[in-house]
Structure formats: C-alpha cells, structure tokens
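Here is what TrEMBL records for this protein:
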- 38-177: domain 'Lactate/malate dehydrogenase N-terminal' (DOMAIN)
- 44, 45, 46, 47, 48, 49, 69, 130, 153, 154, 155: NAD(+) binding site (BINDING)
- 180-343: domain 'Lactate/malate dehydrogenase C-terminal' (DOMAIN)
- 210: active site, proton acceptor (ACT_SITE)
C-alpha cells in the first residue's frame, strides 16, 4: 500500500512540480546534523491504535507516523482520514502498509494489535493466539528498526511485553509495556475527585499486574506534596481500610465499565501511550508506572517477569527503577502479583 499521491506530482506524466514552484535559494548550508527526524510506528489500527495515532499527531510528537495492519482497506481508509486533516495539524508524514518494511528506521514502535476474545474462549487460549500473532509482528519490527524501542499496549500487557522481549532479542531497557500508567491516571482521578482538587496535584501510583492483582501504593500517596495517610493520622482523622480498597477496586473495574457502556476503551489509553512516547522520545526522564523486567527489584527473584514498577523513562528507554519505600503488605502483594503473571507465562512454552 502506497501513500496518497503528493500534490507535488500533479504535472504531466507525474512531473514533480515542487522544484518548479519554488525557486531554490543559492549558497545554502545543509541542515544541522543535530536535528532529528522522529518516526513512530503504530501496529494495529483498531480503536486503540487509532486513538494512539491521533493523540501523537495532535501533540506533535513525530515527524513521521507509519501505520501497519493486516486489513488493507481499513488501513488505507484510516491513513487517508488522518491525511485529510493535514491543514489542522502539525506537519507530519503519514504512511501505511500491510508490509512491515514501512516501519524501517522507527524510533518507537507501539504495538496495539491483538486477537479478540471469542465467546466461551479461555484467557489462556486467547493469550496463545496473541502470542502467535506477536510471532508475526515483533521479529519484522526488530529487523527493520534494530535500534527502536518497543512499547506494548496489547493485553494482557505484562505477559505480551515479556513475549515481545523474548521474540525481539532486544535488551530489556528497550522493551516496555504501557502497564499501569493508565490505571494510575484513573487512581489519581478518583482521589482528586474525592478531595476536589486537580488530578495533576495528586501523586499516586498503582504497580504490579495490569489487572486484578495490581497493587495500590497508599503509603506513598501525596496531594500537593502532603502525604495523605500520615496527614490523616496526625490530624487524628479516622479512615477505614475498606474505603481505600473500594477506590482501588473502582480503578480495576473502571475499564470494564467503559467497555460495557461503549464496547471498548480507546481515548484514555491513547493519551497514556502518547504520554509515554513523549517521555521517551523527548528524553523527559519522567517516572511512570510501566511494565518492565522486574527481576531483581523489590524481592522479585523467581524468574523473568514483566510488571509495572515506578520507572524512569528517557531516550534510552528504561533508565532505572525508583526505590519506593513499600510497606510489608505492599511488597508482599507485589510479589504475589509477580507470581500470578509467572504462572501464566509458564504455560506459554517460550
């Protein structure tokens, strides 16, 4: 699949008019070698993939976006729809193909493609179908962009990030999953809603599995720099643990609620992925709860497992994991979350 015809080729026989329309300036110097051409590839143009692509476009994060999908008609339609908005967006080259060669030279490859669950299908069978799908996705991405960073968004994100790491052969710092970055945003929103403050003033994280065994770090929550639980204790304001658990459960259930209402989630994960892309490609060195190789951190030593930890992200991908002081209960829950994921991984035969 080729990109739509450029307006510069409207002359007779496809003559390139750009050299005629513009008179070249004499005695010019070449562009600065420090100027980067940033390219992002998005694999899968379903609801999530297109929300990611659209958010990346509107936030001006890339000079070029490559879209890849197995359905050529839908793929071309999505590409044209975005191209037709060119007058309202920052200048970005948008290309698309069913052939992975279109991703060559990508700085970041975001994978949102995944098989949909069939009625009555077990989660393990669905996972095995997604692993088979990844066997056709990850190796070509590694081939055409050997220096890229892989960001996995497809679910179950932690296990599939592990699969992508194994299939790519990349060092672990260049494979990251979107993990609980969105869960943490939902968490911050609910706490902000309870306190009637801006969610950006709430520092709160959920770590571990992107799923039912995730861990809410209540001990480190702060609002405007004020630790919440210690403040309540000093003010002798009682709170019930059940209330805290209720907020965490609301975070876990929120995606299911959105899916039951509109059939899928898209916009929030689109903003989450673009948020991670900005931190990586702009070398922001921001801390995000994302899925990384967790072995050796927080007492997780039983095997290679990817789950979300507070992670420093920059141009090299994963730059480090933050040493958060977990309570004994939080650390125990995190290790239990790791065991949950390892149990699933052990059935894949990788």
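Every residue, even glycine, has its Cβ placed from backbone N, Cα and C.
The maximum pairwise C-alpha distance among 44, 45, 46, 47, 48, 49, 69, 130, 153, 154, 155, the residues recorded as binding NAD(+), is 17 Å. Within 10 Å of the residue listed as 'active site, proton acceptor', counting CA to CA, the binding-site residues 46, 48, 69, 153 contribute nothing. Under 8 Å, Cβ to Cβ, and six or more positions away along its own chain, residue 48 (NAD(+) binding site) finds 112, 153, 264, 265, 266, 269, 270. Residue with the densest Cβ environment among the binding-site residues 44, 46: 44, by other Cβ atoms within 10 Å. With every protein chain in view, the residue among the recorded positions 69, 153, 155, 210 whose Cβ has the most Cβ partners within 10 Å turns out to be 210. For the domain 'Lactate/malate dehydrogenase N-terminal' (38-177), the mean pLDDT of the prediction comes to 94.
Residue counts for the domain 'Lactate/malate dehydrogenase N-terminal' (38-177) under DSSP, split into helix (H, G, I), strand (E, B) and coil, are 66 helix, 26 strand, 48 coil.
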